[in-house]
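This report concerns only the one structure given below.
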Amino acid sequence: MHKAGDVVLGGLFVMHFAPTYPDLSFTSEPQQADCYGFDVLGFKQAQTMAYAIDEINRNSHLLPNVTLGYSLYDNCNQLGIGFRAALSLTSGQEEQVTLHETCVGTPLVLGIVGEDSSTRSIAISTVLGLYRVPMVSYFSTCSCLSDRQKFPSFFRTIPSDAFQVRAMIQILKHFGWTWAGLLISDNDYGLHAARSFQTDLSPSGGGCLAYLEILTEGNDPAEIRRIVDVMRKSTARVVIVFAHYSEMINLMEEVVRQNLTGLQWMASEAWTLASVLQTPHLMPYLGGTLGIAIRRGEIPGLREFLLQIRPDLHHNNSYGNDVVRFWEFTFQCRFAPPPAGWVEAGGALCTGHEDLENVVTEFLDILNLRSEYNVYKAVYALAYAIDDMLQCEPGRGPFSRNSCGNLQRLEPWQLLYYLEKVNFTTPFGDQVSFDENGDVLPIYDIMNWLWLPDGRIKVQNVGEVKTSALKGEELTLDEDKIFWNFESKEPPRSVCSESCPPGTRMARKKGEPECCFDCIPCSEGKISNKTDSMECTSCPEDFWSSPQRDHCFPKKIDFLSYHEPLGICLTATSLLGTFICAFVLGIFIYHHRTPIVRANNSELSFQLLLSLKLCFLCSLLFIGHPRLWTCQLRHAAFGISFVLCVSCILVKTMVVLAVFKASKPGGGASLKWFGVLQQRGTVVVLTSVQAAICTAWLVSSSPAPHKNTQYHNDKIVYECVVGSTIGFAVLLGYIGLLAVLSFLLAFLARNLPDNFNEAKLITFSMLIFCAVWVAFVPAYISSPGKYADAVEVFAILASSFGLLVALFGPKCYIILLRPERNTKKAIMGRGNTKS
């Protein structure tokens, strides 16, 4: 089909699909192949290109004063014939073709619309790319054609299979189908689709392939049975097929024979709309199929243009023999002279006046313009590029020396520059532009095979998937319209392993795809609050995992509290000891003139009771929430209080020894060293040493509160770290030194000849005191957290009660219960002697 014009565009279409090759015996000049088997769809695509050019020529705003022409060739669905046609278009070596009875020859084309096959586009674009001749395909989808290094002049108005694969993956993700089988054809179309699936499909991107099988060309029953057997044994309920409908026919025959139902089929655009598969025989198996289809468009005025087609039997018009073949195919008639035996067999003769509107043919179906719509967009893309090129202002062009393209000397490589920048919107509302790889902004319709109750079959649009410059890839689905070919009328489940609930992580099964996994609970302290998490995340330091391991909650804060039973008991005991000390002090003050009080150095006894009261009270600093001041004060108060207490006991012991020594002849001088001032001074000096030790300790390495997470994983133990272990050891050591010294002195004075010998009480009290604190050290070291504080409080209380009971118990017993013994004679041991 040819039409003259100022600028000519070429086209390659499948007018026929059954070639007959000439004799290639090399005994005579080979003739061109003859093509048979008329293809109505290819003829309709060619007529759509003719209509688009006619519409552009009538448009005063697009290419004004420029007439577009066309030169359309039949590729006969064969690579060799299509390749020769493309070279004829670009080189102008075609034999003479008469145009409008006056023009002779075919002008060079500026660009080509075609091909419909990826394999042919690869071969042709490889050559055309060397000369930068633009080629805009309307049906070649192989993702390999996006390689700009190999195909620098290739463009297309149909999305690549890479986007079709991503569209299918989006559908898989939408319905949660993570386990699917893939069947592909054994050609560029299928193999590159499989490569895209293997690259883009992952557990995070949509799922895994349960199996990948190749549908080989030809009918191999054994191989088809094997593939169907793989499908039957697989747990995948979703089957994706990237193949031509002719390859699906043999497969479906075996599916029917094995009665393999319960599968959700997903169709590539190559067979989504194949009516040959939409039969009552196959719908029990293929019903509910979801398929990717080329975007449907609308082309106003196309039907009227197609109805104007008439065969001109008297003149060789621009349509040539193709219109005649179309007419004969549509009306099932033959023009005169008919083939031999045609009339005798009852065949009708064509008149050329038959009415196209009275025949049902897909040629006039303008409701499902898909590949035709892509042809329409391809023609307009070339037209807009030419228009932009011709509007170039001289001196401001993009070529060498700022030159522009000239209508008299246009070059294909010049058009290529503008084609890369073309951007327009079709009357149907679709934006057309090409990216850096020559791919159009992709958009696909999503189709669903509906099996109606009355047996009718309908393929309906249930959504779309597209890419926009602002929002990226978008999937839109009307789920209420989708027909599911299952008893539940719901989408099937197709997973290798069920989703892991929160609180667990996925662990891959060895030797199986990533979608096959086990769910392992997170360990303590770690959580997984997402479904299908690959890892468990650790909770922050101050948090712990819930029993379900799905969230973190603050750890319990653990310390020796006033509100827990242990703290209450210790607090009550401390207050009880303080009260008893106060009670004893009151008794001693009330009976301060009695011999037993006066004989035991009442001032030191009062100091000792006050220091014991401080010992009982300092234990309260170890209970409650540790704070900096309590941590610093507790050990200082404890150390000073106990040194004050032991110092008083030491001085009392020394006084007892001095008094006994003074009672002997010549020993009176020893008492002058143990007067009241000396006693007070000794207590002050000994206590000041401990105060100095505490001060140095607090200044150098002060105790401080600390969050300890080592004792319990789910608790934070608040404790006071001692800061300097040496300081703490010196503090305890000094107390121990005074206690041992007191014990030794009291032990030496235990046999003094008094009836009431206080040295024995001091010896016993110091024995209790030392035993408590010797036991305290290992218990304190081995006790964790708050129990270390409890051990220290217990030691303070036990030693304080030991001193209180041992030193003041017998005295209070005599004062309160045996007042007859509270006399000077009884104390001196003479109360029971004869006079």
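Cβ coordinates are placed from backbone N, Cα and C, and glycine is handled just like the others.
In TrEMBL, annotation is done automatically, which means it is predicted and not curated.
Feature annotation from TrEMBL assigns domain 'G-protein coupled receptors family 3 profile' to 566-831. Per TrEMBL, the feature transmembrane segment maps to 565-592, 604-624, 636-660, 681-699, 726-749, 761-781, 793-816.
When Cβ-Cβ distances below 8 Å are used as the criterion, the transmembrane segment (793-816) is approached by residues 560, 570, 573-574, 577, 580-581, 584, 587-588, 591, 594, 596-597, 600, 605, 608-609, 612, 615-616, 618-619, 622-623, 638, 642, 645, 649, 756, 758, 761-762, 764-765, 768-769, 772-773, 775-776, 779-780, 822 of the same chain, each at least six residues removed from its ends. Using the rule of three or more Cβ pairs under 8 Å, pairs at least 6 apart in sequence, the transmembrane segment (636-660) is in contact with the transmembrane segment (726-749). Recorded stretches compared: 565-592, 681-699, 761-781; the one with the most Cβ pairs under 8 Å to the transmembrane segment (604-624) is 565-592. Averaged over the domain 'G-protein coupled receptors family 3 profile' (566-831), the predicted model reaches a pLDDT of 78.
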